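**Q** Just passing along the structure, written as structure tokens.
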Amino acid sequence: MLGFVGRVAATSASGALRGLGPSPLPQVKVLLRASPAALQSARDYATQTSPSPKAGAATGRIVAVIGAVVDVQFDEGLPPILNALEVQGRETRLVLEVAQHLGESTVRTIAMDGTEGLVRGQKVLDSGAPIKIPVGPETLGRIMNVIGEPIDERGPIKTKQFAAIHAEAPEFVEMSVEQEILVTGIKVVDLLAPYAKGGKIGLFGGAGVGKTVLIMELINNVAKAHGGYSVFAGVGERTREGNDLYHEMIESGVINLKDATSKVALVYGQMNEPPGARARVALTGLTVAEYFRDQEGQDVLLFIDNIFRFTQAGSEVSALLGRIPSAVGYQPTLATDMGTMQERITTTKKGSITSVQAIYVPADDLTDPAPATTFAHLDATTVLSRAIAELGIYPAVDPLDSTSRIMDPNIVGNEHYDVARGVQKILQDYKSLQDIIAILGMDELSEEDKLTVSRARKIQRFLSQPFQVAEVFTGHMGKLVPLKETIKGFQQILAGEYDHLPEQAFYMVGPIEEAVAKADKLAEEHSATQTSPSPKGAAAXXXRVV
């Protein structure tokens with residue numbers, strides 16, 4: 001049976017190739033002519049009631065269906081590469097994207113949804129443009145799929161603005177060359193691995209270490225501190241996680257179902273979707289973010305979870321199109337596909353898109369082509385550590401593994417740089433002393449090393465912070481700490497100004513003043529228990545003496 005299917009596929013492919021004529025060169029010319037027409041600038045926003053095909057658009061018919069690949073024949077008006085086609089006579093909307101030209105009249109397309117029920121001879125209409133999706137403030141608080149359809153059961157997205165998902169990166173003259181920190185209000189991030197406005201951040205973390213909570217806090221803080229919007233693109237991840245994230249955002253107030261104060265737009269193409277949808281959903285999310293940057297001058301936060309799935313889907317599409325695979329089975333256009341998307345994530349003179357990308361590393365192999373290609377584009381890495389999460393320190397960001405390209409005295413200033421490096425040095429010294437402490441105990445350390453350990457433990461606890469989106473779980477009121485307060489607090493701990501305070505005073509507080517207030521409160525509670533011990537406490541003390 002498999003052999004028969006293989007022969008049918010091979011016959012279909014060879015039949016298509018026969019249409020190319022004696023030389024494949026004309027096909028290359030067609031591709032090169034078609035591409036610029038299909039790529040439309042993200043700054044050209046069409047105003048229309050819906051992205052319906054144009055009147056009098058070219059009509060074709062399906063001639064072959066091989067899984068997610070559909071071949072469509074046009075008698076005239078061959079659609080350019082990347083154009084969106086719509087299959088007629090179906091209850092649900094099925095969009096096909098032109099990927100290749102086979103001969104003079106046939107195009108090979110990738111389906112954006114399941115191809116179940118398709119038959120040869122079915123009519124297909126050319127939309128005359130790439131896939132267009134709704135953009136604008138009306139998308140906030142809503143969930144859409146790769147082709148811009150709402151999937152949150154809350155009716156249509158009422159916007160007149162539509163934009164093509166394929167666009168050129170901003171021109172050099174439009175880009176801003178100023179390096180600027182995006183202050184997140186999260187102490188450990190702002191101090192040790194600051195995010196650059198318009199930068200790309202890789203978020204590494206396993207299950208249960210707080211990736212989702214960190215993402216939600218970043219969305220919340222950017223909305224409150226900068227008035228900015230966020231876009232979350234779920235690329236090839238679990239549907240359950242996407243559903244959980246949506247409901248957690250409603251509970252924490254990031255999404256408001258009652259009015260128009262939502263601060264985030266969600267775009268989902270989960271792992272049950274065909275490869276075409278997973279390969280394009282990141283571009284759909286990016287297009288929504290580009291509107292807020294270019295038309296409203298916003299500093300937008302774009303979350304992509306997971307960028308590896310974008311590459312994985314591209315690999316599947318490439319194999320379906322019959323391209324010869326490159327290293328480790330990835331598509332030969334891996335670097336091009338990644339670069340085309342990543343170059344659109346940048347700062348312009350109007351606004352910025354700062355991207356936080358969760359990265360799955362296959363088999364923990366950082367040399368795998370997929371993560372290795374992503375690393376080339378990253379400006380900062382935020383590593384979430386299970387060992388730190390086990391200590392109860394949240395956010396569980398590893399202060400020694402997390403890095404940032406803008407951690408440079410010329411960008412962040414000498415004071416910030418010196419404090420950050422001082423914090424990392426003392427934490428590294430503490431890490432190297434832990435083996436000695438485990439074997440010989442604290443008493444065997446020199447006075448200088450004891451002081452290092454004491455300050456490092458205070459710094460470690462001061463790197464924790466109560467999150468506003470986690471108030472309902474922790475009972476601690478969330479804190480957003482300005483960068484100046486963060487630098488001042490760590491500077492004073494390093495200088496030894498708080499050597500007299502107990503280390504538990506530094507746990508789960510905002511600025512340093514709260515640690516001092518907490519220490520005073522702990523001292524009062526301690527003195528109160530000393531002066532008036534309870535009868536049970538006195539009895540227990542007597543029992544211990546005996």
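Cβ coordinates are placed from backbone N, Cα and C, and glycine is handled just like the others.
Pasting the relevant annotations from Swiss-Prot:
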type: MOD_RES; residues: K123; note: N6-acetyllysine
type: MOD_RES; residues: K123; note: N6-succinyllysine
type: MOD_RES; residues: K132; note: N6-succinyllysine
type: MOD_RES; residues: K160; note: N6-succinyllysine
type: BINDING; residues: G208, G210, K211, T212, V213, R238; note: ATP binding site
type: BINDING; residues: G208, V209, G210, K211, T212, V213; note: ADP binding site
type: BINDING; residues: G208, V209, G210, K211, T212; note: phosphate binding site
type: BINDING; residues: T212; note: Mg(2+) 1 binding site
type: BINDING; residues: E237; note: Mg(2+) 2 binding site
type: MOD_RES; residues: K258; note: N6-succinyllysine
type: MOD_RES; residues: K263; note: N6-acetyllysine
type: MOD_RES; residues: K263; note: N6-succinyllysine
type: MOD_RES; residues: T311; note: phosphothreonine
type: MOD_RES; residues: K425; note: N6-acetyllysine
type: MOD_RES; residues: S432; note: phosphoserine
type: MOD_RES; residues: K521; note: N6-succinyllysine
type: MOD_RES; residues: K521; note: N6-acetyllysine
**Q** As a test of the contact definition, list every same-chain residue at least 6 positions from K123 (N6-acetyllysine) whose Cβ is closer than 8 Å to its Cβ.
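**A** T59, G60, R61, V87, Q88, G89 - these are the non-local Cβ neighbours of K123 (N6-acetyllysine), listed in sequence order.
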**Q** Across all the protein chains here, work out how many other Cβ atoms are within 10 Å of the Cβ of V209 (ADP binding site).
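**A** That number is 23.
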**Q** Restricting to the chain of K211 (ATP binding site) and a gap of 6 or more, list residues whose Cβ falls under 8 Å of its Cβ, or answer none.
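**A** Correct list: L203, G205, D305, A358, L384.
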**Q** Compute the C-alpha separation of G208 (ATP binding site) from E237 (Mg(2+) 2 binding site), stating it in Å without decimals.
**A** 15
**Q** Could you round the CA separation between E237 (Mg(2+) 2 binding site) and T212 (ATP binding site) to a whole angstrom and send it over?
**A** 13
**Q** If you count other CB atoms within 10 A of each CB, which of K132, K160, K258, K425, K521 wins among these modified residues?
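**A** Neighbour-count leader: K132.
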**Q** Please compare the recorded positions T212, T311, S432 by how many other CB atoms fall within 10 Å of each one's CB, and tell me which has the fewest.
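**A** Relative to the other recorded positions in T212, T311, S432, S432 has the fewest Cβ atoms within 10 Å.
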**Q** Using DSSP with the three-state reduction, classify E237 (Mg(2+) 2 binding site) as helix, strand or coil.
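**A** In the DSSP reduction, E237 (Mg(2+) 2 binding site) maps to coil.
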**Q** Does DSSP put K425 (N6-acetyllysine) in a helix, in a strand, or in coil?
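**A** Going by the DSSP assignment, K425 (N6-acetyllysine) falls within a helical segment, counted as helix.
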**Q** Using the recorded phosphate site (G208, V209, G210, K211, T212) as reference, state which further residues of the same chain have their Cβ within 8 Å of the centre of those residues' Cβ atoms, listed in sequence order.
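**A** Checked against the 8 Å cutoff, the neighbours are G205, G206, A207, V213, L214, L384, A389, A396.
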**Q** Find the shortest Cα-Cα separation between G210 (ATP binding site) and the modified residues K263, T311, K425, K521, and name the residue that gives it.
**A** K263
**Q** Taking Cα atoms as reference points, rank the recorded positions V209, V213, K258, K263, S432 by distance from K132 (N6-succinyllysine) and give the first.
**A** K263
**Q** Taking just the CA atoms, what is the gap between K425 (N6-acetyllysine) and V209 (ADP binding site) in Å?
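**A** One finds 24 Å between the Cα atoms of these residues.
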**Q** Within 10 Å of each Cβ, count the other Cβ atoms, then let me know which of the recorded positions R238, K263 comes out lowest.
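**A** Counting other Cβ atoms within 10 Å of each of the recorded positions R238, K263, the minimum falls on R238.
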**Q** Sort out for me which one of G208, G210 has the most neighbouring CB atoms within 10 A, since those are the binding-site residues we care about.
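**A** Answer returned by the neighbour count: G210.
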